[in-house]
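Encoded as C-alpha cells, the structure appears first; notes follow it.
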Amino acid sequence: MKPQTRNTVVRMDPDTFFYNFYNRPILSHRNTVWLCYEVKMKTNDPSRPPLVANIFQGQVSFNPEHHAEMYFLSWFRGNLLPACKRSQITWFVSWNPCLYCVAKVAEFLAEHPKVTLTVSTARLYCYRKKDWRRALRKLSQTGARVKIMDYEEFQHCWDNFVDNQREPFEPWNALPKHYTLLRITLGEVLRHRMDPVTFTYNFTNDPSVLGQHQSYLCYKVEHLRNGTWVPLHQHRGFILNEASNSVSFPEGRHAELCLLDLISFWKLKQAQRYRVTCFISWSPCFSCAEKVAEFLQENPHVNLHISAARIYDYQRGYKKGLRRLDRAGTPISMMKYSEFKHCWDTFVDHQGHPFQPWEELNEHSQALSGRLQAILQNQGN
C-alpha cells in the first residue's frame, strides 16, 4: 500500500526543533523523526522553482510505511521526478534511516542515477547494534553522502525550517562536543580512512617540512582476554583536532582531548582491562598531557600508549608535560618506520599502494627518540 504523505507546510515550532534535533548522542523518548529536505533541480518546466524545501514528519515504529524517508520518496516520485533531469537532494534528519528505508533509498538511487542524496543527521540511532551499523554502511555504499549535522547546518535549519520569529539561532553549550563524538563514531562505523596525501604531509617527521598546523591522531583499542590483547575493531579510526572558531567551536579542542571524550563515550567496562594505542602527528602539549594523566588516574582500567611523529615544542612547558605523562605510566615514544607503515596499512585509503617512506625517515626518528629520552630523563630542564 502506498503510504499517505504528510507534507508539513507550516514551519516547525522552535521548541519542537530543539527537542527533536538536540544532538546529545544518547537520548530516549524521541519517537518522532523529522526530515527537513531541500531539492535543487534542473527541469524543463519553467513553472517549477529550482529549489523546493519542506518538512516531513514520521514515526520510529515497526511499520516502515510511516517513516519520514518513505513519505519523502513517495512524494518525490509523484511530484518532482517526472519533470526533473537532475536533482540534488539534502535531508536534515533528527535520526538516521533504518535498514528498511536504506534499502528503499538504495533502490531509488539505483533507478535514478542523476539524483544525488546527502543525509545529514543530528544523531545516530542504535548505532551500537550491528543491523543499524550495517544500515549506515549500506547507505554510504549506495553513493549517498552520510554526515553528522554541524553548527552551520543546525543554523541553516533554524533559518529555513523553524518559525523562529526572526530570533537568531542559539546553540546549546554541548553542541560542538556532541558533534565531534558523533562525527568520529560515524567515521568508525563507515570505516573512514585518511587521504594518503594528508597522512604523508601531516605525519612526516622531516623537520624541514613546515606548515603542519593541525594534529591528527590514529587510534586502536584492545581488551585483555585470558592474558591476550584482543582488538576491538569497532573502536578504530582517526581524529582531527577541532580548530577554534568564534561561532561554532569558540575554544577548539585538541585531538587528545577528543580521544578522552570518545573513550568516556564508549563506556568501557570497569572490570576489564583496555589498551588504547594512538599514533599522533604531534606530541601532546602541556595542557593536554595534564588532562590525559588525570583521566588515566581516574580510569585505571584503561592503559594508553602514545607514539608521536614529531615533538610539539611551540609552547612553554611541553617538556614538563611529557614527563608528566611518563610518570603517569603512559609509554610515549617517537614513531619508527614500522609504526608509520602500520598506520599507512591500517588508517589510510592507500588503494593497495605500499607505504613509501620519505628520505631519512629512520634518521629523523632516531634523532627525535634521543631528544625525547633526554627530556624524559630531565636533561637540560
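For all residues, glycine too, the Cβ spot is worked out from N, Cα and C.
Taken from Swiss-Prot, the feature region 'Essential for cytoplasmic localization' applies to 1-62, supported by a curator's inference.
Under the heading domain 'CMP/dCMP-type deaminase 1', Swiss-Prot lists 29-143, citing sequence analysis as support. For the domain 'CMP/dCMP-type deaminase 1' (29-143), residue counts in helix, strand and coil come to 43 helix, 42 strand, 30 coil, using DSSP.
Among the features that Swiss-Prot reports, region 'Necessary for homooligomerization' is placed at 206-333.
Using DSSP to sort the residues of the domain 'CMP/dCMP-type deaminase 2' (211-325) gives these counts of helix, strand and coil: 33 helix, 43 strand, 39 coil. Annotation source Swiss-Prot lists domain 'CMP/dCMP-type deaminase 2' at 211-325, citing sequence analysis.
Annotation comment: Swiss-Prot describes HIS254, CYS285, CYS288 as Zn(2+) 2 binding site, evidence class similarity to another entry. Sequence-distant contacts of CYS288 (Zn(2+) 2 binding site), defined by Cβ-Cβ distance under 8 angstroms and a gap of at least six in the same chain, are HIS254, GLU256, LEU257, GLY321.
Summarising the annotation, Swiss-Prot assigns region 'Interaction with DNA' to 310-317. Per-residue pLDDT, averaged across the region 'Interaction with DNA' (310-317), gives 91.
Using a 10 Å Cβ-Cβ cutoff, CYS285 (Zn(2+) 2 binding site) registers 21 neighbours. Neighbours of the Zn(2+) 2 site: apart from HIS254, CYS285, CYS288, residues of the same chain with C-beta atoms within 8 angstroms of the site's C-beta centroid are SER215, ALA255, GLU256, LEU257, PRO284, PHE286, SER287, ALA289, LYS291, TYR312.
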